[in-house]
Each structure stands twice: as C-alpha cells, then as structure tokens.
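Copied from TrEMBL, the annotated features are:
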type     : residues      : note
COMPBIAS : 316-326       : compositional bias 'Acidic residues'
COMPBIAS : 345-357       : compositional bias 'Low complexity'
DISULFID : Cys41-Cys68   : disulfide bond
DISULFID : Cys164-Cys176 : disulfide bond
DISULFID : Cys171-Cys189 : disulfide bond
DOMAIN   : 41-158        : domain 'CUB'
REGION   : 296-364       : region 'Disordered'
SIGNAL   : 1-32          : signal peptide
TRANSMEM : 221-249       : transmembrane segment
Amino acid sequence: MAGVRWRPPGDFFFTYRLAFVVLAFLVEGSSAFTVHLTDQCGKSINIRSHGGQVNSQPEAAYPANTDCALTLQADSGKNIYIRLEKLDIPDGSNGQTCGDSLWIYDGPSATGTTLGGPICGSSAGEEYESTGDAVTLKFTSDSDSQRGSGFLIVYAAFDSGSPCDSTEFECGNGRCVSRDLTCDLANHCGDNTDESTSAMHANCAIGVAGAVVTAAQARGLGVGVIAAIAIAVILFIIVIVLAVCFFILHQQDNSASQRMDSEKQEPALQTVAYHTNPAMARPTRVEEEDLAITELSESTPTYQPPPAQQPRPEEPELYQDQEAVEEAAKPVYPDAVPGPPKYVPPRAEASASPARSITPAGNE
C-alpha cells in the first residue's frame with residue numbers, strides 16, 4: 001500500500017546474520033573434509049597441503065571383522081600431523097588386550113615404522129607426527145559383539161620452514177599450515193592457535209555457531225553432514241521468520257487502511273456539526289453602537305404593551321374551548337330577565353334626625 005513502508009523486526013536481522021555466520025564457518029570447515037575409513041579401505045588420499053578428519057565408520061558403531069587401511073599422502077617436503085580427537089575402542093574379551101585396535105604407520109604402507117599401536121580404550125588426545133610425507137592408518141576388529149563408536153582423527157600437512165609463505169598460517173609452535181585450516185573448529189596446529197580468538201594468532205570469532213559445530217563433531221559427525229543439517233535448520237528458521245514478517249506486514253496494512261478511512265470521514269463530521277449549531281461554531285460580534293442603545297434603554301425604560309395574542313392557526317379548537325369555559329364561569333343573577341333593561345329609580349336616603357341642644361342643669 002502507498003505510504004506504508006515495511007521495516008523488518010530486529011530479530012529478523014539477528015537470525016539473518018547468525019545464519020550467515022554458521023554458513024561461513026561450515027564453508028571454511030569444508031576445506032578440512034571428513035572421510036570414513038571403512039569406506040576407503042585400501043585407498044590413498046592425496047591431501048596435498050591441506051588437512052581434514054578421518055572417522056572410523058559412518059554408523060554409530062564400527063562393524064565386526066573389519067580390516068581396513070588408508071594412506072594419507074601429502075606434497076613432497078611436507079610432514080603430517082595427527083591428533084586422536086576421539087577414541088572408543090573397547091578392550092578385548094577373555095583378558096585379551098585390544099581385540100579391536102588402530103595402528104598408525106610412518107609411511108605409505110602398513111609395513112613401515114609404527115608411530116602408534118595397537119591403540120584401544122577411551123583415552124583420546126594423543127598426537128603423532130610423521131617423518132615423511134605419508135601416513136597409513138589401519139583399523140581391525142574381531143567378531144566379538146562388544147564394539148564401540150570407533151575413533152576420530154584430525155590431520156594436517158605442515159612444514160617447519162620459517163617464515164611461512166603467504167598461503168600458510170604460522171602456528172604458535174612454529175608449524176606452517178594452510179590458511180584454509182584456520183577457524184574451522186579443528187585443532188590442526190596442535191597448540192590450537194589456528195582456532196584462537198586472539199588477534200596475535202588466527203583471530204577467530206567463534207560464538208554460537210562454533211559451539212554447535214563442536215558439539216556435532218564430538219558425536220563423530222563430519223563437516224559435510226554438519227553442513228547439511230545446519231543448512232536445513234537455517235532454511236527452516238528463515239521460513240519461520242519470513243512468515244512472521246509477512247503476518248506483521250499484513251497487520252500494519254490493516255491498521256493503515258483503518259487510519260486512512262477514519263481520516264477521510266473526519267472533515268464531513270465537522271461540517272455537519274457546524275451547520276447544526278452555527279451560533280456555537282461562530283461567535284457573535286457586538287458593535288459599540290448596539291451597546292450604547294442597550295444602555296440607554298435600560299436607563300429610561302418605557303412601557304411597551306404586550307402584543308395581542310393571536311390564536312395559532314394550527315390549533316383553533318383549543319382557543320374556542322377556552323372561551324366556552326370562561327363564559328360558563330360567569331355568575332348568573334336570578335332577577336336577570338331577558339329583554340331591554342328596566343329603569344329602577346334610586347332609593348331615597350333617610351333624613352337625618354334634628355339636632356338636639358343640651359342645656360346645662362344650672363340654667364333652668
């Protein structure tokens with residue numbers, strides 16, 4: 001509607017920014033891709049100068065009778081850093097140590113020098129560093145029904161050349177890793193400076209999005225799965241916010257329409273009020289001459305006979321009835337005889353008695 005401008009609520013902008021922050025973290029984290037060892041049995045992955053994650057299996061628990069090996073190959077002159085981020089491989093039954101186990105070999109095959117193994121239990125956090133540009137991971141499980149969730153490994157190709165070039169990030173421990181591995185919620189340096197919020201290091205701004213992704217990674221979910229879930233949640237939130245915004249806009253349109261209708265009706269109402277009582281709407285002007293005449297008439301009043309009352313033409317019967325009532329109310333004398341008036345002489349007045357003189361008693 002013309003004259004109505006929609007302004008999205010503050011919550012819309014907050015959700016909009018949060019969605020893009022989460023998406024930015026996920027896009028950056030996609031450079032550190034996640035693979036599942038049971039899906040890559042016997043293969044070699046060229047990680048070049050990057051990094052990523054290796055999960056034992058996509059399912060909640062690893063399968064029985066597993067025997068898989070995976071080689072990570074970096075560019076020449078690089079080394080590979082490995083950190084055991086999560087570990088859940090139960091010990092073997094009947095007193096057997098590590099019936100299911102993980103092995104880490106320093107080289108492109110499972111026949112080289114062992115960096116670690118057999119590895120089992122639930123103690124994570126161990127770190128390993130290759131002497132060359134390749135590392136081989138081997139995981140085996142027996143037929144025992146006692147199985148866990150497996151393992152999660154974080155790896156990164158690095159070199160120790162200082163200073164680092166423009167495409168690399170210098171870790172606090174002197175390692176040079178790809179800048180693509182910074183602020184992706186994975187510790188690729190080993191000292192976590194690539195995820196630091198300090199301006200002296202990676203200067204990451206990790207908030208709610210980081211906490212969500214970290215919690216998902218702790219459950220063994222890869223970055224791709226997290227990205228798919230996050231995008232679905234973000235789209236759902238955006239749909240809800242847009243629905244709320246359209247509802248608010250509809251309410252504003254209705255309010256504006258009612259206000260415009262009331263404004264159109266107000267002038268007509270004022271005109272009717274003015275014509276029905278013009279004396280109140282417009283004050284009467286009194287001239288000085290009128291005041292003088294009024295004062296003179298009040299100082300020398302003169303008798304003004306009341307005007308003769310004229311019967312109202314629309315009510316003649318009312319006045320005729322009143323005259324009949326007045327005529328009937330007059331007194332009636334008994335000696336009144338109809339006809340011409342009769343002369344009645346006035347009565348003679350009685351003569352006054354003669355005056356008597358009073359003689360004093362001594363004079364007789």
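Backbone N, Cα and C atoms are what each Cβ position is placed from, and that goes for glycine too.
Projection of TrEMBL feature records onto the structure.
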{"residue": "Cys41", "record": "disulfide bond", "contacts (Cβ under 8 Å, 6+ apart)": "Cys68, Ala69, Leu70"}
{"residue": "Cys164", "record": "disulfide bond", "contacts (Cβ under 8 Å, 6+ apart)": "Glu170, Cys176"}
{"residue": "Cys171", "record": "disulfide bond", "contacts (Cβ under 8 Å, 6+ apart)": "Phe158, Val177, Cys189, Gly190, Asp191, Thr193, Asp194"}
Most Cβ neighbours inside 10 Å, all chains, among the disulfide-bonded residues Cys68, Cys176, Cys189: Cys189
Three-state secondary structure, Cys68 (disulfide bond) (per DSSP): strand
Integer mean pLDDT for the domain 'CUB' (41-158): 91
